[in-house]
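Chemist: If you scroll down you'll find the structure; I have some questions about it.
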Amino acid sequence: MGLMGPTVPPAIRAFMVGNYSEGERVHVLCFVQSGDTPLTLSWLRNGRPLSDPEVEVRATDRYSSSLFIERVAVRHAGNYTCRAENAARASTYTARLRVNVPPQWTEKPKDVAGSLGTTVFMPCSAAGFPTPEIKWKKKDVGGFELPASAVSGVEMLPNGTLSIAEISSEHEGAYLCEASNGIGVGLSALARLDVFELPSFAKSSQQYRIREGQNQTITCDPSGDEPITLQWFRQDQLIESSERLKVRQWTSGRNASRSELQLLRAVPPDSGLFSCLARNRHGSARLSVTLEVEDIPLPPSDLRVTEVSSSRPLALRTDEEAPSRPPQALTAVALTSTQVKVSWRPPPADTHHGVLLGYRVLFRRVSAGGGSDPPSAETSLTSEERSSVHNVTSTSATLSGLTPHTWYRVTVQAYNGRGFSPRAAAARTRTLEDVPSAPPGRVSCTGAGPGLLRITWVPPPASDLNGRLTGYRVITEAVEEEDGELFYSSFDVADESCSVEGLRPNSNYSVRVAAATGVGAGTLSQPVFCSTLEDVPEEPAAVGVVVTSSSTALVSWLPPRRPNGVITSYNIYIRTVTFSDETSEERRTVAPPTGRLALQALSERSEYSVRVAARTAAGEGQRSRPVRFTTTQNVSAQIIPLSRPVAVVAGAELTLSCSHVGQPSPLLSWTWNGQPLSNSPRHSQSGDGDLAVTAVTARDAGNYTCHVSNAYGSDRVTYSVTVLDVPPPPVLRVTEASSHSVTVRWSSGDAAGLAIRRYRLQFWPAAETNSEPPAEVVLERLVREHRLGGLLCGTVYRLQLRAVNRLGASEPSRTAEVRTSGRPPVLTNAAHLLAANGSGITVRLHLWSDQGCPVTRFTVRWRPAHGSDSASVELAGNTHQYVIRRPMPPADYVINVTAVSPAGAASHTAVIRTAGGADVSAASGTADVRAPQPSVGLRVVVPVLAGLVSLAMVASAGYLCVRRRRSKVPLYLSEPPSYDGRSSEYSKAADAPLSLQSVPPDQLHASPGGGATDVCPYATFYPSVGPERTTLGGTGHYAALLPLGAAAGRRDQEGRYTDPHHLNTLPREVKRGRSLPASDEYDSLEELASDSASEPGPVRVSAARRGQHSLPRDVSRHAESSSSSCQLSPDLRARSFSAKRTKRKRRRARTPVLVPPSAEYLARVCPPPPPPPPPVSEADSRLLHQLKLQQELSQLRPGPPPTDCELELRALAHRLGGRQDFSINV
């Protein structure tokens, strides 16, 4: 018994299944080309035995098995494996069956309707293989040209559904949904969106309060789709027109329904609740009106006047306090994954306690503990952040830069000049989901088979998910091109690993993975490169045999189209063809890259068959089909090279071979695209017929054919030449522009024989003139739309796009020019931009509107209107206001304010007159009010003017001393002027002569409201700078005695003096003068004479009412230097005595008492006038005159109490000031 060799395992010849369309037949043959018998053949699908009755397995012979499907469907798709097993082992070969299915509707779009302002969804989905692509278009004037996503508020969800938020009339119309996957004819369907409007009212309730007998008309003016029916109800009872209740219906000019309810001669029983019900075909709305009719009271009886008194009006304003109530109705709504809109209502008006300046929004991240509901026990994750709203008219704010899918706690406070209100009850909201911001980590891939990759990764950090993780997206892309294309696949998986099948063997691939949430896939990981394993090669692309003689032949072949690995050798199988067909094959091996084999010692006139197979490390591939030839002595014309495609780079030299044999020598010619090749200096032929083309261009592409012929035959070879070049420029267009972003789309032309690998988008501001390179964004090759963000608003940008293949970048596209939205700043209220007071000039920068493009900086320049010296300052764009504080004498100033934003600059120039006297440094923010200071010039001019005025007053005093005895009735001045008069009145007072009038006693207390010219030129008082003290009558203050410059300056200090006349509410810090003790009155001339030797002191006048204040301390400097103060002389001083309050003396009537000063003081201050004509002594005359004055004043005691003691005091001062220096005490 002989020994048997080892059993040879089976080897299955490679087969392909390929792509089929649904309904086609499928026939796959599995052939075992080597291996010992017996063999067992079986089929698997996706690794499991076949169990589908529609898939038939047929055994052809003992070496082969066929797979047959009569009508292939989607359910038949998968990986089919042929398994061959013998005693040695089992071998398998797997191929993938793909079934292409044209799109089919799974949910066809339908017409929808929605209420104005709501969100509607228009479903559209289709199934098929590959997965159909869904596109939506909206019909415009020219048809369905406008992509639906270009309409504001329109978004296509990942499942193809069109979401339209806050629908309006703009969204109404027809929409077209298209579904296509490149298989068959795509699908399209129309759906219409109708937008309707429910009835609604601008205010849902109104309230009226009228008096009995009045008429009242209530208007019902709803908005909504017509027709609208309107009905009036009272206490839920329908109202019909009557004598006193009339209902009127009409249609306004815009074809809108309106109604009026008119109530005539209202009576108290008419009070109650009225309502207007508006209905249309979509719904209804109700307007509630509360009417209150007040009863007219009966007239009073037995009316008597019991007392008549009056006082001067006192205007007061309390200090501000922080608001005592928080803002109301706080809500927080997530707008996007990073933005939350916060809205509120102001606090009740009676709790503002001042003028609201704005609001402060405070927010903090809190943990949600999982779930979609707000956290019940929150944990702060971050410190509290703030966002200020300086515009008090705005009751909403948008918080940006938040973390996606995160709970936030939001509250708000109102604030005024004194502080912040309590916080509003916190609102909680969670930002929307977003795509993950980080890719998966530790991505790795390995080749697991000839067409299989195994990929693994780990999830991204939980803090970067930005939502609920739903799965992953895996993108696989080939590195090498095949027929000008790059393989690309994208699919979604749920686990952290997957296998990718159906890839080319021995090919390099890049793998990227992205995590996905409900919003979509996020950031892709960096590419990881790996290769599939080698497989057996395909059969050679072509095989040819050229008979060169009766005993020789030349075999040539082309490499396999898919070598599936590194070709290690070629096996050439030669067999003599006989009738029995049982002759054995001879195998010869040739190493690559040789593609020819010379056969010798062949039998003449014998027929041979040749087959060629390539071999890789995985084994020998499929053999080519047999090529038969017969040896003969007559050698016909034959071409050795085989027809094949040829690719050449533009600009290179192309050489096409036409090596040939034949006896006799054949004739040779070349044609291009079927036409004889033209004579061109770029074309040349070698001696053996090879064609050379220099400096190839795209116009040289085409089919080049070499023809040979002799007496025994002819042959031809054709080269399909493709010229490879950089891509042509893409066509770029702008589809949308916002304030900070631009959306562009593009299309590419012919790829010039090579796949486009990426795009380069360049952009730069059109106004840039520097030589810096433009900014560039690299985009993926399959992308056809991109949103370019981070741009400056209101700026013109230029954009260019280049396509890149493996040869380089294309020429740039035509430059697209687009302007982002936003305009230069606009001044909303030029009249209120500037304000001047004693402290400087306030520039209200917040009156500039940014027009959608934030202001980046302000420039403020100022100069005198009639001067050349100027100054300027630059401020940040968020500056609220700026105060110019520097020495600015009263004059006209030219102020120029320039606001600059990325959209441009706007300037405004205005002229304003300052109040004068401010001498402080420039600063921004709120100005501190300061008392005006005299300028350096006044310090020189005023003393000179004061001396001249003093001389005039001495002369007037002498004249009055002569007339003092003739006067029988005291002279009085009218009431001091109100300081809300015009400045022109003060200027007139400074120049006009004194106008005195005689006032009878019964008109003493009238208030005729004199003007500025009524101020006594001698009634000048000098408040001291000592500590504040209070005299018997309260603290006296006379705003009428302010020098003109000081009074004008204080009149402009708004917000500091709330008294309209600037008399009663001057600042508390004003210091009062000091007083010397004295008795309240003198009952005899002896008492009067006893104090006549007192030392002179500062003048002190006690006011008749309490609550008034003395002058500011700096007024004394104006009084000493201003000619308008009308003092007798700068050194004049009057005595002041503090009154002794006793119970007895308070019951008496106070009588003004005139006390002569000392002789030394009289001699120094007021020289005696010339002696008068009457022959009486000087002392007797003086005392008699004083006595007369006391008697005249005592006549006034029975009358009503004076309303303004200043009148009498000024009259007395005027009466006696011309003769002597007197101290007055009331």
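Quick reminder: no glycine exception, Cβ is built from N, Cα and C everywhere.
Per TrEMBL, domain 'Ig-like' is recorded for 6-98, 103-194, 199-292, 641-722. Positions annotated as region 'Disordered' by TrEMBL: 307-327, 369-397, 972-992, 1052-1151. According to TrEMBL, the domain 'Fibronectin type-III' annotation covers 326-434, 439-535, 539-634, 728-823, 824-917. For 1052-1072, 1111-1120, the entry in TrEMBL reads compositional bias 'Basic and acidic residues'. Positions annotated as compositional bias 'Acidic residues' by TrEMBL: 1080-1089. What TrEMBL lists as compositional bias 'Basic residues' is 1138-1150.
Can you tell me where each of these features sits in this structure?
Modeler: Using DSSP to sort the residues of the domain 'Ig-like' (6-98) gives these counts of helix, strand and coil: 3 helix, 53 strand, 37 coil.
Across the domain 'Fibronectin type-III' (326-434), the model assigns an average pLDDT of 82.
DSSP labels the residues of the domain 'Fibronectin type-III' (439-535) in these numbers: 3 helix, 53 strand, 41 coil.
Secondary structure of the domain 'Fibronectin type-III' (539-634), assigned with DSSP and counted as helix (H, G, I), strand (E, B) and coil, comes to 0 helix, 49 strand, 47 coil.
The residues of the domain 'Fibronectin type-III' (728-823), classed with DSSP into helix (H, G, I), strand (E, B) and coil, number 0 helix, 47 strand, 49 coil.
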Chemist: Going by DSSP, how much of the domain 'Ig-like' (641-722) is helix, how much is strand and how much is coil, in residues?
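Modeler: Its residues divide into 3 helix, 44 strand, 35 coil.
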Chemist: For the domain 'Ig-like' (199-292), what are the DSSP-based totals of helix, strand and coil residues?
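Modeler: Helix, strand, coil within the domain 'Ig-like' (199-292): 3 helix, 55 strand, 36 coil.
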